[in-house]
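Novice: Below, the features straight out of Swiss-Prot:
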type	residues	note
DOMAIN	1-167	domain 'DHFR'
BINDING	2-8, 40-42, 61-64, 104-111	NADP(+) binding site
BINDING	Asp16, Ile103, Thr124	substrate binding site
REGION	170-494	region 'Thymidylate synthase'
BINDING	Arg231, His377, Gln395, Arg396, Ser397, Ala398, Asp399, Asn407, His437, Val438, Tyr439	dUMP binding site
ACT_SITE	Cys376	active site
Amino acid sequence: MGIGKDGTLPWKLPGDLKFFKDITVTTSDPSKKNAVVMGRKTWESIPLKFRPLPGRLNVILTRSGSFDFATAENVVICGSLDSALQLLATTPYCLTVEKTFIIGGGEILRQSLNAPACEAIHLTDIESSIECDTFIPPIDLSMFHPWYSSFPVVENGIKHSFISFVRVTKSIAEANDSSGKELTGNDSKKVKFEIENFSFLPKMIFERHEEYQYLNLVQDIIRNGAKKNDRTGTGTVSKFGCQMRFNLRRNFPLLTTKRVFWRGVLEELLWFISGSTNAKVLQEKGIHIWDGNASRQYLDSIGLTQREEGDLGPVYGFQWRHFGAEYTDMHADYVGKGFDQLMDVIDKIKNNPDDRRIILSAWNPTDLKKMALPPCHMFAQFYVENGELSCQMYQRSADMGLGVPFNIASYSLLTCMIAQVCDLSPGDFVHVIGDAHVYRTHVEALEEQMRKQPKPFPILKINPVKKDIDSFVTSDFKLVRYDPHHKIEMKMAV
């Protein structure tokens, strides 16, 4: 990775400098400051009017006895990186310095990246091709994992984003299993982070974890939501008109403050894509998320007495693949009947990517009374920009405890799948919610969940050979490093 040219930064990005300043100046304790450690050449590359870097303890590494720092305040001279870290660990620095940042140059960064004391790496990822003559090695992803990645921005014609990686294993040895195989991971059950608490991150970075969008929304609903009755008789607290946005470029938004049933998310989405409305197909795979709405008792209670148990009616998959076809039962052959919205979406993305009508809708008013449950996540629009595919989904009714973690993952997964089919990269998933509600019976469980600190989101790997939306099977998908907190039980309101 290039970091310099002719002893200076090879790009002019005010946003990059602001990010650097914000992350190295900001402290949680206002009585403390951070230390920035740099080599002599890095110090000399800073314009005279800006050095020493204000609001920080400047630690300069040099073996030159003739080095003159003009008796500047907030400047300390050390002969090596080790001696600098030892000094900062002693009084008075250990009492006044909150965090230590290694900021350059190239050789010092190369020493630091794999050092056991390196807890996190914060970098600006430049996506444009820019000539450099100073480099650092790539991030070792066997030890570090993305925590936060900003949405890409373009400044002075240069596309870039800000990324923070956290150490999740203590050493290279611990990033391997007993057989020596690297745990960068197909089997997420085997991968446990050696580091469990990530509060060592700067507060501004720690709180940018995208899971906080969900946690903060749940907290806001519980504290400030309107108390309402609902069709299940359970009662809710709710808010109207909410939005969350997730970045799909580096990791996958599967919540970590509780274990989300990933296999259920995956199998349900493949079931939707197949056009099936038979809940027994999922039951046979050990997926019981639709059992409550497919039972004999429930179908009878909503007047579908003639409907076979397990037959959900013309729900999501049917509308995606056969919109407008006459629904009879879950056993009928609907091939070639109705309008295949999913294939239409894919065709438009491939052949008319600027179309503003790339829509997938499960809301069909003429079929609502035939459905075991009218669509909650009902409308998705896709958007193509600079080789990336983004999706915005509208959800009329959102069960924040049980449904929303599933919905975030499901539509993020759908976006990633369609992107691959269309030779694009995943961009954003935007989740827009009408009635965002917490069932009163879920409040205690959600309060437990809100006490948990997020862990890094996993990374999703999809079999790159698959280019047909109907060809995907469960073995085509692998989660890398999903290590959530334990499962939190919540009972579904039916």
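Please read every residue number as a count from 1 along the shown chain.
Backbone N, Cα and C atoms are what each Cβ position is placed from, and that goes for glycine too.
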Novice: Could you name the residues, excluding Asp16, Ile103, Thr124, of the same chain that surround the substrate site, i.e. Cβ within 8 Å of the Cβ centre of those residues, in sequence order?
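Specialist: Other same-chain residues with Cβ inside the cutoff are Leu9, Leu17, Phe19, Phe20, His122, Leu123.
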Novice: Looking only at Lys5, Arg63, His437, which of these binding-site residues has the biggest number of Cβ atoms within 10 Å around its Cβ?
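Specialist: When each Cβ's neighbours within 10 Å are tallied, His437 tops the list.
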Novice: For Gly105 (NADP(+) binding site), which of the three DSSP-derived states applies: helix, strand, or coil?
Specialist: coil
Novice: Want to know which binding-site residues, from Gly2, Lys5, Ile103, Ile108, Gln111, are within 10 Å of Asp399 (dUMP binding site) at Cα; which are they?
Specialist: none
Novice: For Thr8 (NADP(+) binding site), what is the secondary structure by DSSP, using just helix, strand and coil?
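Specialist: The three-state answer is strand.
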Novice: To the nearest Å, how far is the Cα of Ile108 (NADP(+) binding site) from the Cα of Tyr439 (dUMP binding site)?
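Specialist: Between the alpha carbons of Ile108 (NADP(+) binding site) and Tyr439 (dUMP binding site) there are 53 Å.
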Novice: In whole Å, how far is Thr42 (NADP(+) binding site) from Ile103 (substrate binding site) when you measure between their Cα atoms?
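Specialist: Checking the Cα atoms of Ile103 (substrate binding site) and Thr42 (NADP(+) binding site) gives a distance of 8 Å.
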Novice: Please classify the secondary structure at Asp16 (substrate binding site) using three-state DSSP.
Specialist: helix
Novice: Among residues Asp16, Ile103, Thr124 annotated as binding substrate, what is the maximum Cα-Cα distance? Answer in Å.
Specialist: 13
Novice: So, three-state DSSP: helix, strand or coil for Cys376 (active site)?
Specialist: coil
Novice: Measuring Cα to Cα, how many Å separate Gln111 (NADP(+) binding site) from His437 (dUMP binding site)?
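Specialist: Here the two Cα atoms are 50 Å apart.
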Novice: What is the Cβ neighbour count of Thr8 (NADP(+) binding site) at a 10 Å cut-off, with all protein chains included?
Specialist: 12
Novice: To the nearest whole angstrom, what is the C-alpha distance linking Gly2 (NADP(+) binding site) and Thr124 (substrate binding site)?
Specialist: 11
